[in-house]
Amino acid sequence: MSHRIIRILEKKLSRKTWDNWFTTLEIKEITGDKVIFKVGNLFVKDWLQSRYGKVIHRAIQEAIGKDLPFEIIYESPSKDAFEPEEYKGPLVKKKPLLLSELNPEYTFENFVVGPENRALFEVAQEIARSPGKFNPFFIYGGVGLGKTHMLQAIAHRIIELYPEKRVLYITSERFMNDMIEAIRGGSIRDFREQYRKKADVLLIDDIQFLIGKEGTQRELFHTFNELHDAGKQIIICSDRTPDELNGFPDRLISRFQMGMVMEIASPSKETRYKIAKRLAIRESVELPDDVAMELARRIDGNLRRLRGAIIKLIVQSGIYKEEIDLAFARQIIGSFQTDSPRVRALTEVDHLIKAVEKVMGVTREEIMGVSRTKNVVKARQLFIYILKQEYGKTVQEIAQLTGKKHSTVIHSIKKISNSVLRDNKYIKDLISEINNTVATDFAAS
Ligand code: ADP
Ligand code: MG
């Protein structure tokens, strides 16, 4: 019999939402201060976390009478079913010292290499074979081109080859939050110890997040120097080149430039075709050639969008019990094929606009317009923030899409980010309610 939390969840959700997303969710463990769920699909995990956090919280509260935080972890179902604990190989096998969670799908094996990124791929593999050789390694490129995937692939490979090495992967945002927390809690020495003494390989994702955050940059500079001087490999990702990191101290920029700096390029249509096929296989689905070609043709650049379209295809084909063929694919990705880029972009985020309208009680015209009414301004800021956070849009893209000035877009993102960082419950609830509404409408459309 399933756990009470699961049964309550089932009651709270619509049949459709339940069937689409929740049937594989299980309780792994309930400790004194946390509920741990497990799920056998990474996409479902992300989706549940980002869209259904609120209702999961309510179910926990109702079931056990306490407002415990929860965590959802991914556990490969095949491993569970076929590899019971006793058969896991020799007992003395060293457990890799992983200091951070990595996405098991972000491997070199899953990284499709076209001519555009062949050199980068070779260097990355070489770095994994000989950590410290090109130090630091700095990868830059646009949103959704595979930076995080590449970074984690290097981490996975190093762990495989050198299980004794302590590999630490973090986003720079996490670095900053850990640091702030350590300062507040009076444990900055432990913090430094963890980063500077305990890591043999440090991978920092999205370093551009630290633009304008001088305190964190300074801390990072010391961490960097200490590790680098000790010959520890450092790998950094950014959406821009080192010298475009405005406001970073020159000494830090020049240290980044000392090693190997490489761009991750946008994949060609041929490469996108292969990536589409691989992304589908990651979801255990085989895409017909003509469908993959259509996707590669219609969706350029940002691979998160390509992945989003594939997931959408898979989910919808499941709901409608339709086969994924070219006609069905065209129908689903039709929203990517309108004439002007602005219209195309707007269609793509249509669900989000509707959700903001619904949750905030404002109209589309107000969101896109110039009204300074308090509630409208809030709605607009939330819309912009979610476009950035959930849809991976750049400031540039958001400015085009909304017809707002760059400075307005940046201000909105900052405003909401600050509220989130300060744990503003009102704003956080609005965000998750909007996301939930998108998910519900999305599943129903
Ligand atoms: P970035 O960090 O640059 O924004 P991500 O690493 O998050 O991009 O990549 C977005 C998605 O596209 C991920 O699901 C990733 O696995 C996938 N992806 C990116 N590049 C490739 C590639 N060359 N082959 C296969 N999948 C890729
Ligand atoms: Mg990334």
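Glycine is no exception: its Cβ is also placed from the backbone N, Cα and C atoms.
Copied from TrEMBL, the annotated features are:
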type	residues	note
REGION	1-76	region 'Domain I, interacts with DnaA modulators'
REGION	101-317	region 'Domain III, AAA+ region'
DOMAIN	133-266	domain 'AAA+ ATPase'
BINDING	Gly144, Gly146, Lys147, Thr148	ATP binding site
REGION	318-445	region 'Domain IV, binds dsDNA'
DOMAIN	348-416	domain 'Chromosomal replication initiator DnaA C-terminal'
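Candidate binding-site residues: Gly144, Lys147, Thr148. Those with a Cβ under 6 Å from ligand 2, in sequence order, are Lys147, Thr148.
Note on the region 'Domain I, interacts with DnaA modulators' (1-76): DSSP counts are 39 helix, 17 strand, 20 coil. Within 8 Å of the Cβ centroid of the ATP site, not counting the listed residues Gly144, Gly146, Lys147, Thr148, the chain contributes Gly141, Val143, Leu145, His149, Met150, Cys237, Ile264, Leu303, Arg304. Under 8 Å, Cβ to Cβ, and six or more positions away along its own chain, Gly146 (ATP binding site) finds Phe111, Asn117, Ile264, Leu303. Residue density at Gly144 (ATP binding site): 20 other Cβ atoms are found within 10 A of its Cβ, drawing on all protein chains shown.
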